[in-house]
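K.L.:
Pasting a structure here, questions to come.
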Amino acid sequence: MQIMPLRPPTPLVLKAQFPEAPPRPNDTHPPLPTEQSLDEPSRESNEVDLVQKSLDTIETIQKRFEGLKTTFAWPSHLDFELDGEVVSVSTNGSSEPKLTPPKLAYTNRNTPLHAYNEALNRLLVQLDAVESWGELEIRERRKCVVSMVEAEAARVERGWKAMWEAGKDDIQDDEGYGGEEQQ
């Protein structure tokens, strides 16, 4: 029988025989320098890139919001559904609503208002999808833009309710209030 000289196992052999155990949830200590992976700087770089990407996304959404807000114009009249009928009121008057207005009708005349509300809601969904990566700056910036968009949506809702309140006394049962454009 021939005896082979003993050699220490290579790192690959050791790794195959004794794979690293997965981290335990109770381990709260940071890895020792010898345990850190060689690509630690690139991981930090990736995290910085992800944070910057989130901040850039929020800025882009804010710019879209500001563009929408700047270009939105109220139609000259709004249509409402009241007792199964569509009634039209002028958007020239304004006052705070005293009663719950009827539902805002889905007519061609109201398309700009419904489209604007939809665009604001889409911005909120996009903001909700922005990952914060645990960064306070991202959470605060996102919260700020969400507040701006929500405030605008509330302002628009108050506006059409006020227009209903101001115009409801002028509603007539005459023809011409069925959602058709008036000249």
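Note: Cβ is positioned from N, Cα and C throughout, glycine not excepted.
When I checked TrEMBL for this same protein, it listed these features:
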- 1-11: compositional bias 'Pro residues' (COMPBIAS)
- 20-33: compositional bias 'Pro residues' (COMPBIAS)
- 113-152: domain 'BAG' (DOMAIN)
- 1-47: region 'Disordered' (REGION)
K.L.:
Suppose you look only at the domain 'BAG' (113-152); what would the mean pLDDT be?
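P.N.:
PLDDT averaged over the stretch: 96.
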K.L.:
Please count the residues of the domain 'BAG' (113-152) that DSSP assigns to helix (H, G, I), strand (E, B) and coil.
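P.N.:
For that range the per-state counts are 33 helix, 0 strand, 7 coil.
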